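S.K.: Structure in structure tokens, see below.
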């Protein structure tokens, strides 16, 4: 087809579907841990980065499996089956109704969901990592030696399919997650968000199999990674057995492998190890880079995602990176680098990588500044041994509340509320409410680390009161609010918001909090009373807040409502994350692209897979660094953790710059040509010797 093997189109479509599947699942994963499995942020982050690390460790296994035993085609097929099963298991594990037998909206057996999720993720990591080094190489195998131009075009199409799949999935799956679905109770639709990637992975497998008879399948020829590993291992072992002084030293420790391996392999291994030594500081860059999908997504959950008429989900902010990549790669290649060259600055690949590290470090400084502003909007919940209480006066007369025994006295105006006040739980026994010369004592039996609201009102000759446990321990997610109602009416009222029932409330009773998604315009609130019904549209509410709405009465069939803010809404806009994404993306462009280019330019032609494995290993180690830091969790403030990562990368950046200054660039082609020339000369000498010997024999 236009000079291309028809088989490559099946490979490109397969890659698009597989990348959609992987990035679509990965985009919502951290929020699944936090909100469905109910894991706290640090543990969610640790498990997320464990999964990503596993995804970048398994490519080495896949490469060895393909090159040494199964071949690329069978490896892709078998591991794609594993991959598809993993996606399906993860999707099933996210179905709330699977164990919600009492239909209260929460899984009754969370351990089953965790087990299914972990099994699914392990299978996905084996699948996606195992096929990662095989698919692009298998596509390259479809071309003949004289189709260099078509092969180059294929790789462009191949990487376009990767970016298209990841970009589209990062838009689609967060929207699917934001929908509500369920058999008995409506929940965030994680089964759909994971199910669609599972279907796409199944499609990827089917499409790949359709092209079976068209593929050119190269038989396994041994894996160079194993050869290099064996060469290094033998050199170390041989040096150990000949460590005494009676054996003369050799120029390089790898020369101890010369008894078993040829000089060319040893020289090539030396070049590879020289580059791999420079890889040692690189994991720190990836430790910061891969937090886009974890810490930065969690940061976005506490921000306002309203962009005009559009509302952005927290996990959709990750799309900024691929969009900026598309913009910045040509800008850097065709504008920035030529300008630097015109200024006669020797901007070597290693210097570019150093600048990339610095930019990533600055991205986390920007993230820390944003986090400081977010922290100002966070509620402060009670610590161990503490309780918080808030006063809400629903009457028309002012009141004074005395906390006993003689802790403090607080004045509360009509239709007003105080902020949450913190007390030692053991010391707060009761309180007195005084209004219009009426005194009422309210005994208290409080729990540690809990928040309470005391609602009260003076009516004629008595004071009515109700102590309510505020069972909210965090801000709501993204574009949602927690809303509850209190009945400040002398009759029972039945409250409904849009299609969400809040139930029948007796006088001064309070409903449970319900999650209410952000409306397009405003909420429609209705209340049924014994003789009539009233309704109204809510005032404009922020997102990410918690509200108590008091039903005060009805005038001309229009509800009279009073709004009390329990938790402040998210006021820091998601747009403030764009600078940190910009800095990190610029760092990626000059670090990642340049790093791969440098590695390939410094490696022998048959050793590029070793450097690819080493590069992927740095990504895995970077994610392991994050899970160690998140697991330790010694820092109370998130902004402090961002600063810590920025400082660590800055130190590593300086170390890398020093290491790079001692590096001498080589041309592998010259070295290979030298060995090739020596080999030809040796063959010629051998041939001359044979001819002379034959000539001597003929004379005899």
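Using the three backbone atoms N, Cα and C, a Cβ is placed for every residue, glycine included.
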S.K.: If TrEMBL is the reference, give me the range from 297-318, 319-340, 385-406 marked as transmembrane segment.
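M.R.: Here TrEMBL associates transmembrane segment with the stretch 319-340.
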S.K.: Tell me which range among 567-591, 642-666 TrEMBL lists as transmembrane segment.
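M.R.: In TrEMBL, residues 642-666 carry the label transmembrane segment.
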S.K.: Choose the correct range: of 192-211, 212-231, which one does TrEMBL annotate as transmembrane segment? Give that range.
M.R.: 192-211
S.K.: Using TrEMBL as the reference, determine which range in 271-289, 423-441, 442-460 is annotated transmembrane segment.
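M.R.: That would be 271-289, the stretch labelled transmembrane segment in TrEMBL.
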S.K.: Between the transmembrane segment (352-372) and the transmembrane segment (271-289), are there at least three Cβ pairs closer than 8 Å, leaving out pairs fewer than 6 positions apart?
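M.R.: Result for the transmembrane segment (352-372) with the transmembrane segment (271-289) is yes.
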S.K.: For the transmembrane segment (76-95) and the transmembrane segment (319-340), check the count of CB pairs under 8 Å (sequence separation 6 or more) and say whether it reaches 3 or more.
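M.R.: Per Cβ check, the transmembrane segment (76-95) does not touch the transmembrane segment (319-340).
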S.K.: At a threshold of under 8 Å on Cβ distances, which of 43-64, 110-131, 319-340, 642-666 pairs most often with the transmembrane segment (152-172)?
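M.R.: The stretch I would name here is 319-340.
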S.K.: The transmembrane segment (613-635) vs the transmembrane segment (271-289): three or more C-beta pairs under 8 Å (separation of 6 or more)?
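M.R.: Answer yes, regions in contact.
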S.K.: Take a look at 20-37, 110-131, 192-211, 319-340, 642-666 and tell me which one has the most Cβ pairs under 8 Å to the transmembrane segment (43-64).
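M.R.: The stretch with the most close Cβ contacts to the transmembrane segment (43-64) is 110-131.
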S.K.: Are there residues at least 6 beyond the ends of the transmembrane segment (20-37) whose Cβ is under 8 Å from a Cβ of it, and what are they?
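M.R.: Same-chain residues near the transmembrane segment (20-37) but 6 or more away: 43-45, 47-48, 51-52, 83, 87, 90, 94, 96, 110, 113-114, 117, 124, 128, 165-166, 168-170, 172-174, 177, 187-188, 190, 193-194, 196-198, 200-201, 204, 293-294, 297-298, 301, 314-316, 318, 477.
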